Amino acid sequence: MMLLQLSNVSVDTRLAPFSTQVAAGLQTHLIGPNGAGKSTLLASLAGLLPSGGDISLAGKALSLYSGPDLARLRAYLCQQQSALTMMPVFQYLSLYQPAGASLDAIATTIGYLCERLRLTDKLPRMLSQLSGGEWQRVRLAAVFLQVWPDINPDSKLLLLDEPYTGLDVAQKVALDSLLREFCSAGRSAIISAHDLNHTLQQADQVWLMSGGNVLAQGSTDKVMRANILSEVFEVDFQIHNFNRQNWIITKDF
């Protein structure tokens, strides 16, 4: 089932026309140098940035959804967002709870997400008192809450712009696990990323961008090749297999 379809999607001078489709249950990574257009593409897919061409989500044009209906289908984490000062974490999370879910189910899901992201003891804390990494995890918990399958059966898509920023190793592993759980429930996630080895291990498919163009797209093993990556990033890469797993390294490593 094709969950998301793009036909000649473009944004003025920032994003060249791009067409593709995304099946349910997949994790797609956007990679490319800074300024490649990854954030522009994600904001367009979220319906927050006007674009040319056509975007369809769950078989319906994105432009035809009302704000509340779109919020029920997809959640979007932007790259940067300032913390609201006079609000505790639990109140901030409540802003993202989907309509129609029971309070008990919402409380259970908040507890589950906060435990996984190690936020349980932060629930009463003011947002202004959080570190950068804590605030990032709160933002992640919020967008997961918005579309978590247990409390939002209509959810389809999670759009994350550099979600691993500010996370330590254990927190990155926790996020990986939540994303796999989300996608295994028939949803899809599209994520902008910078760690090429992480993309190599976690992504089902990859969109490789540079200068506002999607230069390569397809399965991870098709796109994550040394010659393709070297040309785009202007770094000499090679791929080595260690313990039956491929790793991307630079040639002068």
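Backbone N, Cα and C define each Cβ position, glycine as well.
Here's what Swiss-Prot has on this protein:
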- 4-236: domain 'ABC transporter' (DOMAIN)
- GLY32, PRO33, ASN34, GLY35, ALA36, GLY37, LYS38, SER39: ATP binding site (BINDING)
For the binding-site residues GLY32, PRO33, GLY35, GLY37, the one whose C-beta sees the most other C-beta atoms within 10 angstroms | GLY32
Integer average pLDDT (0 to 100) for the domain 'ABC transporter' (4-236) | 96
Given the binding-site residues ASN34, ALA36, LYS38, SER39, which one is most crowded in terms of C-beta atoms within 10 angstroms?
-> LYS38
Would you list, in sequence order, the residues of this chain other than GLY32, PRO33, ASN34, GLY35, ALA36, GLY37, LYS38, SER39 that have their CB within 8 A of the centroid of the site's CB atoms, where the site is the one recorded for ATP?
-> SER192, MET209, SER210
